[in-house]
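Peer 1: These came from Swiss-Prot, pasted as-is:
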type    : residues       : note
DOMAIN  : 8-264          : domain 'Nudix hydrolase'
SITE    : Arg51          : site 'Important for coenzyme A binding'
SITE    : Phe57          : site 'Important for coenzyme A binding'
MOTIF   : 115-136        : motif 'Nudix box'
BINDING : Glu130, Glu134 : Mg(2+) binding site
SITE    : Arg212         : site 'Important for coenzyme A binding'
Amino acid sequence: MNNTLKYWKEAATLIVAARTSHGHFPYIQPQVQFPNQQNNTSDYEVLLLKRSQKSGFMPNAFVFPGGNIESSDFSSDWIKVFSRYEQKPNFGLGLVKQLDNRSPMFTADSSKFGSLIPGEVATRICAIRETFEESGILLVVPENFNSEDNQHLVEVTDQDKEKLSKWREEVQRNPSQFIQMCKEMRCMPNIWALKEWSNWLTPVISQGVKSRRFDTAFFICCLNAKPAVSDDNKEVTSFKWWTPTEALEDYKSHKIWIPPPQFYELSRLCHFAPINELHKFIVNRSLEGCERWMPVIAQCEDGIVHTLPGDDLYPEDPDLTGEKQTVVCSNETIENLIQKGGRFHRLVLIDGKPTLLVNIKPKYKHINPLTIESESKNKL
């Protein structure tokens, strides 16, 4: 774990997509239109957790399970748990092709911080541990598991509920207990089921104003069936399984609030109706990697624009630290900025209503979000 971080903390989150049916649903016309979406609804749902009102970061938001990377996620005690894979590159995860624009949480030499656990492994351990703490879903495999057999939808193994409940409380109190739990249960966190999806760095809100920031690795996994879920009544107050379209509909109608990264990623998922197609996509690009995105905010006359790398408004060399960079202010309307044309990779917020405008080519074999038709877009 990189203890030299000054401006943000490192975190990991997990998009849990679970099959809801082995057949096909009849097509239901959604209220929110996605122009390229197939004419059937998803046969899977995504888990979103509601953060506590008392949370110091994004209170009341619906987010994917996840949290801070702890020193125990990098503990060399994991070597014994993963003994079968110690000699394989990244414990059998393989080597990601692109390294230039990746976050240091992946590329930094963890041995310099006294750890034998690669960042690729530790971030996945964190995502699995936090998912267990917040939702009760435990993604583990037996100690004799063959990672090469992990190309299918994940099966969540039934465990003794009382035993798991006790371990969950232990891990919530002390994250290092996750190691002890795996040793006693003779299992391993199923790091091979988690495929790298994206990487978001909390934007700088304004110069001189300190706010909580996180460099967050987003992983995704596809489950063959929805597992049992229970909130922790601490950081998480409720949960819900949604199809990506349904979650965005509820956000559009102000029933829930979804932060920009989750909004963007749910919009990406709208490309995939069958979970098998989603799973095939994430497996095929699993070693392509991704670049870290930090939104740069532009304040316009009539709304806010979150610009992302590749957008014509995005700075060539953004100040990630926030020591120099301020929020960009413009005396133009959002419509005027759009009419100028060019490359768009931005999230527009007018009266709290979101619109994604994206016309750039995605990198690393990824996919752009399907743009949402909302009232704010009708104003443009």
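Residue numbering: from 1, along the chain as shown.
The backbone N, Cα and C atoms fix where each Cβ goes, and this holds for glycine too.
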Peer 1: Can you tell which of the recorded sites Arg51, Phe57, Arg212 lies nearest to Glu130 (Mg(2+) binding site) in space, using Cα positions?
Peer 2: Arg51
Peer 1: Determine, using Cα-Cα distances only, which of these recorded sites is closest to Glu134 (Mg(2+) binding site): Arg51, Phe57, Arg212.
Peer 2: Arg51
Peer 1: Return the count of C-beta atoms lying within 10 angstroms of the C-beta of Glu134 (Mg(2+) binding site), excluding that atom itself.
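Peer 2: Other Cβ atoms within 10 Å of Glu134 (Mg(2+) binding site): 27.
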Peer 1: Within its own chain, what residues at least 6 apart in sequence put their Cβ under 8 Å from the Cβ of Arg51 (site 'Important for coenzyme A binding'), listed in sequence order?
Peer 2: Phe57, Met58, Pro59, Asn60, Ala61, Phe62, Val63, Glu235, Val236, Thr237
Peer 1: With every protein chain in view, how many other Cβ atoms are within 10 Å of the Cβ of Arg212 (site 'Important for coenzyme A binding')?
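Peer 2: Taking all protein chains shown, Arg212 (site 'Important for coenzyme A binding') has 10 Cβ neighbours within 10 Å.
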Peer 1: Give the helix, strand or coil assignment DSSP yields for Glu134 (Mg(2+) binding site).
Peer 2: helix
Peer 1: Which residue among the recorded positions Phe57, Glu130 has the fewest other Cβ atoms within 10 Å of its Cβ, if you could check?
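Peer 2: Taking Phe57, Glu130 as the recorded positions, the minimal 10 Å Cβ count falls on Phe57.
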